[in-house]
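Features reported for this protein in TrEMBL:
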- 150-476: domain 'Na+/H+ antiporter NhaC-like C-terminal' (DOMAIN)
- 6-21: transmembrane segment (TRANSMEM)
- 28-48: transmembrane segment (TRANSMEM)
- 60-79: transmembrane segment (TRANSMEM)
- 100-119: transmembrane segment (TRANSMEM)
- 139-167: transmembrane segment (TRANSMEM)
- 188-210: transmembrane segment (TRANSMEM)
- 283-316: transmembrane segment (TRANSMEM)
- 337-363: transmembrane segment (TRANSMEM)
- 375-405: transmembrane segment (TRANSMEM)
- 458-479: transmembrane segment (TRANSMEM)
Amino acid sequence: MELGALSVLPVLIAIIGSLITRRPFECLLMGSLIGCIIMYGGGFLPEWTNMLQTTIADNVWIIAVCGLFGSLIALLTAARGTEGFSAWATKFCKTRRTTRVVTFILGVVIFVDDYLNMLTVGNCMRPVNDKLKMPRESLAFITGATGTPVCMLLPFSTWAAFYIALFQQQAEVQAMNFSSSIDLFMHFIPYNFFSITMVLITFLFALGIIPPIGPMKKAYKRVEDGGTPWCEKSAEINQEDAEALGIAARPTMAESVEKAEAELEAAAQAPADSHGEGKLIDFAIPMLALIVVTFVQDILVGVVVALAVCLVQYLIRKKMTIAEWTEKLYEGFADMIPTLICLMAAFMVAGTSGAMGLTQWVIDVAAGFPLPALFPAIVFVAVGFITFATGSFWGTSTIVTPILLPLAAAMSAPMMLTMGAILCGCTMGTQVCFFSDGNMLIATSVKNDLMENYFATLPYLGMAIGLTLVCLIIGGFVMA
């Protein structure tokens, strides 16, 4: 079904509604419902529920990865492994600047998979970030900007492997006779201007050369004025962190008595050395297992192995019993449910827009601009919009690449620059789309409101987008 410009409506409802209300879940849900009403009329409800079932079934891998990663974080926290890492990292992170730089370096080092990067960096650096009274928005920005953009620039990552395989399938690329997949990668990656500029901007921000701007500046002022590292909307999910920092609100007498009774009961039931002192080893070994197995196999296999390592290690070190391990497994998975529900709503909007023909409509509009020199810049904007609107990143690239590369060849547009523009557009879409899985996972990882993170990051994204457009336009005229 192709409905032309009407296919943009579900996305517009989700975007505009979320920006106004700052409640993305409800707006995403509304967007998918209205899209189904437009397509199916009075019989929309059965079709919508079918789409819901399909969305859940198609994304079981994501549900498993995110949920089990929540379990892993809960176990690391319960064993006080995160405290051990925080104590170790604090030796190097004496200032805000060094903390930002260490966060940036950690994000670059964990380049194998963007999910692994985003979920790990935020959880690792959050306690250190809080001790130095830095806003969580800053941590979210650096975590996000060293996620997908870094993965796109290095050949041994999931994103690079995907695009190498995708481009190698195209006849126009095969005609160039590259000697190997790495040779192909080395030729098209210099044109991924968005990833390059995003990483450079983030590094300059970490060094303090680029200052906090707009909402980010307000976030820093909030902390400097005695506020919390997290925004007000995230206070409820940060109660334990507030207590750890000594900034929890004064409880009532009834709350104090209830808390004391609960602590006494827990102390009576727990082993004497149940948790003990936080040690780096209780964090490092499970995380090392996660990273190594993810590099060799897959992040889902990696997180399962890490959970098993936690079980064996914490039993040997008498950090917890099997019953406690199981309890934390449940609790951590449950903590990820709000994120997973929001993700499913985002995928519903993507599915609705796709069924309405959004991708083909945008490509048809982009193909109407005949100037070869400007074609890469147009591809960047078009692919970025499709990716932003649908929240489907690899799916968007899979659909548009077989269409855009032959079109570039027919127009005599620069082929390598067009390939780079596809990369730029997809990467930009992952960063700008506030309801993307990456941005939601970052919000969960740093424990700060999704929309507050998004608005704080926008000025820096704007810089990268502007610089990318300039590079593509200049490159188009030089190479055409």
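For all residues, glycine too, the Cβ spot is worked out from N, Cα and C.
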| Can we call the transmembrane segment (188-210) and the transmembrane segment (458-479) in contact, meaning three or more C-beta pairs below 8 angstroms at a sequence separation of 6+? | yes
| request: Can you tell me which of 28-48, 100-119, 139-167, 283-316, 375-405 gets the most C-beta pairs within less than 8 Å of the transmembrane segment (458-479)? | output: 375-405
| said: Is the transmembrane segment (375-405) in contact with the transmembrane segment (60-79), using at least 3 Cβ pairs under 8 Å (sequence separation of 6 or more) as the test? | reply: no
| field | Sequence-remote partners of the transmembrane segment (337-363) [C-beta within less than 8 Å, at least six residues beyond its ends] | value | 1-8, 10-11, 14, 24-25, 28-29, 31-32, 35-36, 38-39, 51-52, 54-56, 58-59, 62-63, 66-67, 382, 385-386, 389-392, 395-396, 399-400, 403-404, 435-437, 440-441, 443-444, 450
| note | Near the transmembrane segment (28-48) in space but 6 or more residues beyond its ends, with Cβ under 8 Å, are 1, 3, 6, 9-14, 17-18, 342, 345-346, 348-349, 351-353, 355-356, 435
| query | Thinking of Cβ pairs under 8 Å, which stretch from 100-119, 139-167, 283-316, 375-405 has the most of them with the transmembrane segment (6-21)? | reply | 375-405
| message | Cβ under 8 Å, sequence separation of at least 6 from the ends of the transmembrane segment (375-405): give me the contacting residues as numbers and ranges. | response | 8, 11, 162-163, 166-167, 169-170, 172-173, 194, 346-347, 349-350, 353-354, 358-359, 362-363, 365-366, 369, 411, 413-415, 417-422, 424-426, 428-430, 432-433, 435-437, 465, 468-469, 472-473, 475-476
| message | Please report, as numbers and ranges, the same-chain residues at least 6 past the borders of the transmembrane segment (139-167) whose CB is under 8 Å from any CB of it. | response | 100, 103-104, 106-108, 111-114, 117-118, 121-122, 125-126, 129, 173, 181-182, 184-186, 188-189, 192, 194-196, 198-199, 201-202, 205-206, 216, 295, 394, 397-398, 401, 419, 423, 427, 430-431, 438-439, 442-443, 445-446, 448, 453, 456-457, 460
| query | Any idea what the model's mean pLDDT is for the domain 'Na+/H+ antiporter NhaC-like C-terminal' (150-476)? | reply | 83
